[in-house]
Amino acid sequence: MMDMKENDQKRNDMMDMKSHDERKNLNSSQGKNEITFPKVLDPKKDNNGYKSYTLKAQKGKTEFYKGNFSNTLGYNGNLLGPTLKLKKGDKVKIKLVNNLDENTTFHWHGLEIDGKVDGGPSQVIKPGKEKTIKFEVKQEAATLWYHPHPSPNTAKQVYNGLSGLLYIEDDKKNNYPSNYGKNDLPIIIQDKTFVSKKLNYTKTKDEDGTQGDTVLVNGKVDPKLTTKEGKIRLRLLNGSNARDLNLKLSNNQSFEYIASEGGHLEKTKKLKEINLAPSARKEIVIDLSKMKEEKVNLVDNDETVILPIINKEKSTNKDTTPKVDKKIKLEGMDDNVTINGKKFDPNRIDFTQKVNRKETWEIENVKDKMSGMKHPFHIHGTQFKVLSVDGKKPSEDMRGKKDVISLEPGQKAKIEVVFKNTGTYMFHCHILEHEDNGMMGQIKVTK
């Protein structure tokens, strides 16, 4: 049996062999398969005024490559899930059914609801069981999503297909495209690795965040988008386990950045590039009528084609942030990841905060001797405001309400955090393997 010194030496050797934040090469989409869009799940109205839904987590088969079927997971289907459309003021009731052969939860990422129905790892639904949750929508229009959060199997279940979008809409009039599936388009970007053209998380898992070599959009490999629309609104979700995305258009055309994770910006921005951390959402509007070309590519890091878009019609900065109330230190890699030097313990409350109290949190990605790696930090049950990064005002695409912030090694950010509901909420690194390995804590919000 390997003794402790040998085991430590083996780990050190492995650490020396790879960079902390190494990006696995991602192959460009060849534009062979037209993407489709998740169906909208229509609610039933009950006698008490609730919009009533049923979501089933289930096993399925998906033909990513012709003639090759992979074992996948989905909500109400083989892969991914339907889109839920809600409005502020809606009373919502959702029956959650676990048809898997393992525990799962249903987490409402970005939704400001009572901690008892947030769907964190303590709210397990066992195989063959179900439960019904109720809540009232109390936040403004935003693009959110839902996914499982069972500890320690979040990464595996998301990778195998459990993800879906949740829109909060309003009746405010604006000029943004709003025809779902026509010019208002949900875009779920993921990266996966296929073994013999089949999905196999076990063989490709990486404790520092599983990155694939194949891009998928809305569950399609080699995706493309063909449209006749002059303007299109892309609701972008980085649904990857660990990969950061730096997105721009291949023709260097600017687009309108209209919404962050928490909803519409007070003032839209003209940008040429945006960053999407794992789990992040951003909404952009692209004016295709300004294109000279028939095709433009949505690309990552200037080169990797994520989604070819075919236009069919053409064939001073000072840190003036307030006093810090809470400090969060993100440290480590592999399975040696911690928050404030501690692994996740479901029986431990790390922080408390009063409901509706405005606090300033300082989030630091601690740089280690090997320089460290990027960590996307997420808080359940709230949308926060980025006050500063390294003492300076946040970049344009970090403005607006957010629920995830990605920090480079050595970076330090201050965020303004307010909880509108009571309950126990999670905060964690949204590299899913890090989350499963204990890079997670709990905050209890009280009256």
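Here the Cβ of each residue, glycine as well, is placed from N, Cα and C on the backbone.
Annotated Cu cation 2-binding residues in Swiss-Prot are His147, His430, and among His109, His380 the one listed with them is His109. The two recorded residues, His149 (Cu cation 3 binding site) and Cys429 (Cu cation 4 binding site), show a Cα separation of 13 Å. Listed binding-site residues near His430 (Cu cation 2 binding site): His378 (candidates His107, His378, His380; Cα-Cα distance within 10 Å).
Secondary structure at His430 (Cu cation 2 binding site), as computed by DSSP, is coil. The secondary structure of Met439 (Cu cation 4 binding site), as reduced to three states from DSSP, is coil rather than helix or strand.
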